[in-house]
Amino acid sequence: MTKITVFGMGSFGTALANVLAENGHDVLMWGKNQDAVDELNTCHTNKKYLKYAKLDVNIIATSDMTKAIQFADIYLMALPTKAMREVASQINDKLTSKKTFIHVAKGIENGTFKRVSEMIEDSISPEYNAGIGVLSGPSHAEEVVVKQPTTVAASSKDKSVSKLTQDLFMNDYLRVYTNDDLIGVELGGALKNIIAVASGIVAGIGYGDNAKAALMTRGLAEISRLGEKLGADPMTFLGLGGIGDLIVTCTSTHSRNFTLGYKLGQGESMDQALSEMNMVVEGIYTTKSVYHLAKEKNVDMPITNALYRVLFENISVKECVKDLMERDKKSE
């Protein structure tokens with residue numbers, strides 16, 4: 001039995017906390033919202049994010065950062081990318097011993113263009129860092145929490161962290177593979193959110209299967225181009241952390257990125273769509289980061305560029321689709 005602190009009480013953090021508890025581990029969840037903490041401790045639910053799920057009664061929650069830090073030597077960082085650096089820094093200020101960090105965020109930091117493991121590494125003093133890894137792949141929280149068969153990848157620069165992650169999470173409904181390509185697994189998880197928003201737009205407009213298939217295929221091509229430029233193994237993008245995550249996020253209404261895109265395709269403004277969803281949509285922030293990163297690295301990413309124009313330059317969806325279709329002739 002292992003003690004694990006889960007930082008973040010969103011949908012995926014909650015679903016994975018449930019997996020860990022059912023696997024026999026001691027789990028403490030940390031969140032800022034006292035009402036959510038009280039609900040979990042009293043009712044064993046988190047209805048804001050997982051409306052109908054009844055959680056393992058052994059999961060406990062707290063809003064006390066010091067208590068959360070002292071509880072365990074393994075931390076599951078289940079926070080939005082934009083909150084990761086701040087919370088990791090707060091954790092670092094209170095650490096007195098080495099900890100292992102496993103994150104499940106799928107984004108690229110605005111401004112620095114850093115992957116989430118790099119953000120954590122920046123924030124945690126070396127004397128307190130026992131290793132950093134990621135758990136990623138096609139894994140909707142809504143399915144994990146009701147024990148639908150799910151398969152994901154665990155990766156780290158340190159193979160022992162990947163193996164630890166595999167051992168902690170794997171059971172008869174969650175299969176975990178290890179993968180040595182941390183860069184590729186993190187980039188696959190982050191970049192597919194861009195394509196998922198675009199895929200939602202295509203569905204919202206009412207375009208057919210031809211357009212959806214083309215978008216995912218060409219989206220994977222530009223993900224691979226940038227990934228290879230940044231040091232990833234292109235083969236990673238043909239695995240769970242790449243095309244696996246891409247397919248599930250581009251085809252399901254469980255995906256908040258797809259849902260945002262669908263609403264935009266239906267003619268809603270971004271503010272209107274986000275107000276209805278009341279959830280963090282990583283694809284917005286990732287699009288901004290990757291648009292500028294691709295320009296800096298001189299990588300051609302036409303779908304990302306088009307989505308950036310829709311999200312941040314108020315260009316119409318149909319105009320961007322027209323521009324994509326009328327680009328110069330190219331070889332695949």
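First residue shown is number 1, and so on along the chain.
Cβ coordinates are placed from backbone N, Cα and C, and glycine is handled just like the others.
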Residue in Lys67, Lys106, Lys114 which Swiss-Prot records at the NADPH site where Ser11, Phe12, Lys32, Ala141, Arg256, Val280, Glu282 also bind: Lys106
Among Ala141, Val280, the most crowded of the binding-site residues [Cβ within 10 Å]: Ala141
Least surrounded among the binding-site residues, given as Lys32, Lys106, Lys192, Arg256, when other CB atoms within 10 Å are counted: Lys32
Spatially closest candidate among Ser11, Phe12, Lys32, Lys106, Arg256, the listed binding-site residues, to Asp245 (sn-glycerol 3-phosphate binding site) (Cα to Cα): Lys106
Neighbourhood of Ser11 (NADPH binding site) by C-beta distance under 8 A, where only residues 6 or more apart in the same chain count: Asn46, Tyr49, Leu50, Ala141, Glu142, Met279
Those binding-site residues, out of Gly137, Ser139, Lys192, Ser255, Asn257, that come within 10 angstroms of Phe12 (NADPH binding site) at the Cα: Ser139
Those binding-site residues of Lys32, Lys106, Val280 having Cα within 10 angstroms of Ser255 (sn-glycerol 3-phosphate binding site): none
